[in-house]
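Chemist: One structure, pasted below without further comment.
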Amino acid sequence: MATTSTTGSTLLQPLSNAVQLPIDQTYLHSSKTSSFIRHVVATLLGLYLALFCFGWYALHFLVQSGISYCIMIIIGVENMHKYCFLFALGYLTVCQVTRVYIFDYGQYSADFSGPMMIITQKITSLAYEIHDGMFRKDEELTSSQRDLAVRRMPSLLEYLSYNCNFMGILAGPLCSYKDYITFIEGRSYHMTQSGENGKEEIQSERTEPSPNTAVIQKLLVCGLSLLFHLTISTTLPVEYNIDEHFQATASWPTKIIYLYISLLAARPKYYFAWTLADAINNAAGFGFRGYDKNGAARWDLISNLRIQQIEMSTSFKMFLDNWNIQTALWLKRVCYERASFSPTIQTFILSAIWHGVYPGYYLTFLTGVLMTLAARAMRNNFRHYFIEPSQLKLLYDVITWILTQVAISYTVVPFVLLSIKPSFTFYSSWYYSLHILGILVLLLFPVKKTQGRKGTHENIQLSQSKKFDEGEHSLGRNSFSTTNNVCNQNQEIASRHSSLKQ
């Protein structure tokens, strides 16, 4: 959830956009130059942009990446994923501690630690992918792990290019190593896709699609998000929720409505940053995900959010599935799928540590654990009573939408306020009501894991996945386990199938 605005020159984003189109799409197209040259240019230009924005603090990117690469080479494939994980996350935490508590407490800006958060994701995810591909047996892997497994050790240039390329050095988003290499080698437009008979068919006969339409659409979203943020967000500060006069005089309906509106107004800055980052990658030719059933090119391979699904979420999980998607995938791949106990709790704790060291982060994610488990219990115990008729289902969706939006807003207030005192001031003004309600739900409605229900749930989930791939953008789709194998619909369904552990 970390914002990605930079503290460098305001010329940065126009510069990066202007450079990427002519260099990567024209002069350095994969059909005109070697992968080696593309790796060199991507790395050098990325380091230049980092130096331009952050000065010599950009050396942290090289230090973190360089030491992690040495760990992989020295330790070996059996245990390198553990040591890379501990080092990369520890190095990031040390940098965040020094930045927050020594230099810049309370200044909510993405300094050099912002890009380091993305590099940490890349270092750890690649270490696990190499471990999966070079040490573990295929039958031990899930379908998504098998798909993303890396079968050979990257060269130092490939490693630095993946971590520090100019497309994602500032704001990401995270992408898998295999997808990045596929793009660098120019194989993004010649991927295999499942045909009607279930066999893979080569799509090389199609012409290379242009990203211009997708880029323009995303830039329009950026413009609207920025306009909304500059005109409305500043007039509806989240801090007003803890204003003494407001707390003393406002009625409960007013408090609830303002809480929702103030957090709604705070989201467009994330929409702007993540959509712009996605557009930048698309402008360079990265992010192509194949064609839909109508033959239209899809440029959402590394998209980080789905705004409509976020705003229309009818469950806590649906909101998380569509918010900061690539980070959610990272958490799933390096933590949730591999946790030996309490995967939900471990995943939220890792997310808090990765985001930074402000106390408000930990309050938000610990509250998020409670809200997630309570929402899951309510859904499993009551949703099946409201499937039919359609009017009853509509009523259920409206009620769960209201409850979800209020719960999300209540949960993330400390994330915005950052500090302990104002966060507890807010929760005290609400008498910790949703915390208490969540605990009561878990005590009264425990989740019963039965084989029959699980099977039913799996069938529903697979049906939703199929509808999604056919272009029906239903609110219930599970994007949390979206696979990075471009256009392979069967593997997408299998990947989503594995996420039912949640």
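First residue shown is number 1, and so on along the chain.
Backbone N, Cα and C atoms are what each Cβ position is placed from, and that goes for glycine too.
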Chemist: Have a look at 264-285, 352-373 and point to the one annotated transmembrane segment in TrEMBL.
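Modeler: Residues 352-373 are the ones TrEMBL records as transmembrane segment.
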Chemist: Would you say the transmembrane segment (42-63) and the transmembrane segment (352-373) are touching, if the rule is that at least three C-beta pairs must lie under 8 angstroms and be 6 or more residues apart?
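Modeler: No, the stretches stay apart by this measure.
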Chemist: Could you tell me what the rest of the chain brings near the transmembrane segment (83-102), counting residues at least six beyond its ends with Cβ under 8 Å?
Modeler: 60, 63-64, 67-68, 71-72, 75, 111-113, 116-117, 119-120, 123-124, 127-128, 334, 353-354, 356-358
